[in-house]
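In what follows, a structure is listed as structure tokens, so that the remarks can point back to it.
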Amino acid sequence: MSTYDLIIKNGKIVTAESTVQGDIAIKDGKIIEIGQSLQDSADRVIDAEGLHVLPGLIDTHVHFNEPGRTEWEGLETGSRSLAAGGVTTFFDMPLNSTPPTINKENLDLKKACADEKSIVNPRYWGGLVPENIADLKELHENGVIGFKAFMSPSGIADFNHVDDETIFKGMKEIASLGSRLAVHAESTVICDQLAEEKQKQGKTTARDFVESRPIISEIEAVRRIISYAEATGCKVHVVHASSRKVVEVIQAAKDRGVDITVETCAHYLALTVKDLEEKGGLAKCCPPLRDEDEVEDLWVAVANGEINVIASDHSPAPASMKTITDNYFEGWGGISGAQSTLNVMLTEGYFKRNLPLEKIVALTATNPAKLFGLDSKGTIAKGYDADITIVNLDESFELKNEDLFYRHQHSPYVGMTFKGKVKSTIANGEVVFENGEITASKKVNA
Ligand SMILES: NC(=O)N[C@H]1NC(=O)NC1=O
Ligand SMILES: [Zn+2]
Ligand SMILES: [Zn+2]
């Protein structure tokens, strides 16, 4: 019998602190040794000479739509796309699946689907909606990593957005549980009224849609949630901030001691309103894409450590729902991007803007693990779970539809050239993706 299940040899091992050449030995799903020239026997040796070895990414924000809406995505296709993108853990949002994850019974349904189908590690957000404050405790006791609420309509009929009374009450409860509330922070009043005005005037271009959801609408909602956080002591996580102007308001709250964190998404760092105009529905999301100067400013926030987490907000839909002919107020808002987060960070961050690899690791793995209590994940160190992605930084490729593992093979990133390619992804010690193929032993349809 071999000493180890797997040794990854001679790779450049990147953590949030440093990059060091070495070998990683894995047994029973754990990293049990890191060193130079490990000699013991292994069932398999991966030669990572010239390659970079990163902690598997933790995508804290995906919508995989299962159960109940698998015609949009599913845990099999969704988790495969993550494996192909170097992601080994995901946090599934409580909405877009039916039923939504707003009580224990519904959580159990989702867990059963993920246990059967996911080839990477699942975690779950619980929902906070006006109807379920009494269910939050049980959801928390059953392991949700936090709660998610929409401050503006979610676009999904069975997941209501929260009025101010609900959110305040919910935050008191979540504070007492010691959990964290994630918010989709856009102002209903501002967005709804601007959208109505625009449409009444027949103004329905991409620019009109973007102007109907302005940055100030995010700021208004964020300021309100900060006030509530200060009044209730509830920890808050603002998802998908689209602009550094939003991040600045959060930073000011952090500076005076509020426990608030912020996510941005790869698409706000890689795409602009111009992409929305050119690619149509594929690039439609809420909050919407912003202009180029905002993208550059957001990169400054990333470089300065003002952002805690970078996620995908993968919110897929069939092509028919992403087709916009002339009215940008129609069509599903949500980007298919789960497979491309690391590619975006490497190409747009590391190569174009000199963002250190260690910072990319911090934002996509180490910070999420620390923030949400995944004690055995988020870095490469002895005793940690063997969740790893191996990347060739010298290889460039143009993303094609057929490269995507999603249920629907489209994405606004198709046609873009990325530098840095995922060679292998290892989840819990198992090689689940290698050289373009899914290699996981879990076969759903077998
Ligand atoms: N329901 C849902 O997935 N909404 C997401 N889509 C998007 O573009 N922003 C969101 O919050
Ligand atoms: Zn959202
Ligand atoms: Zn989302």
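Using N, Cα and C of the backbone, Cβ positions are placed for all residues, glycine too.
Keep in mind that what you see is a predicted model, and the values were worked out from it rather than measured.
Features reported for this protein in TrEMBL:
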DOMAIN    53-432  domain 'Amidohydrolase-related'
BINDING   His61, His63, Lys148, Asp313  Zn(2+) 1 binding site
BINDING   Lys148, His184, His240  Zn(2+) 2 binding site
MOD_RES   Lys148  N6-carboxylysine
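With a CB cut-off of under 6 A applied against ligand 2, the binding-site residues His63, Lys148, His184 are reduced to His184.
A Cα-Cα distance of 14 Å separates His63 (Zn(2+) 1 binding site) from His184 (Zn(2+) 2 binding site).
For Asp313 (Zn(2+) 1 binding site), the same-chain residues that are 6 or more apart in sequence and have a Cβ closer than 8 Å to its Cβ are His61, Val62, His63, Val239, His240, Cys265, His267, Cys285, Gly334, Ile335, Gly337.
Checked against ligand 1, the binding-site residues His61, His63, Lys148, His184 give His63, His184 as the ones with a Cβ under 6 Å from it, listed in sequence order.
For His184 (Zn(2+) 2 binding site), applying a Cβ distance below 8 Å and a minimum sequence separation of six or more within one chain yields Lys148, Ala149, Phe150, Met151, Ser152, Ser154, Val239, His240, Cys286. Other Cβ atoms within 10 Å of the Cβ of Lys148 (Zn(2+) 1 binding site), summed over all protein chains shown, number 27. Around His240 (Zn(2+) 2 binding site), a 10 Å sphere centred on its CB holds 26 further CB atoms from the protein chains shown. Averaged over the domain 'Amidohydrolase-related' (53-432), the predicted model reaches a pLDDT of 98.
Residues Thr60, Val62, Phe91, Met93, Trp125, Val239, His240, Ala311, His314, Ser315 surround the recorded Zn(2+) 1 site, their Cβ atoms falling within 8 Å of the Cβ centroid of His61, His63, Lys148, Asp313, which are themselves excluded. Within 8 Å of the Cβ centroid of the Zn(2+) 2 site, not counting the listed residues Lys148, His184, His240, the chain contributes His61, Met93, Ala149, Phe150, Ala182, Val183, Ala185, Val238, Val239, Asp313.
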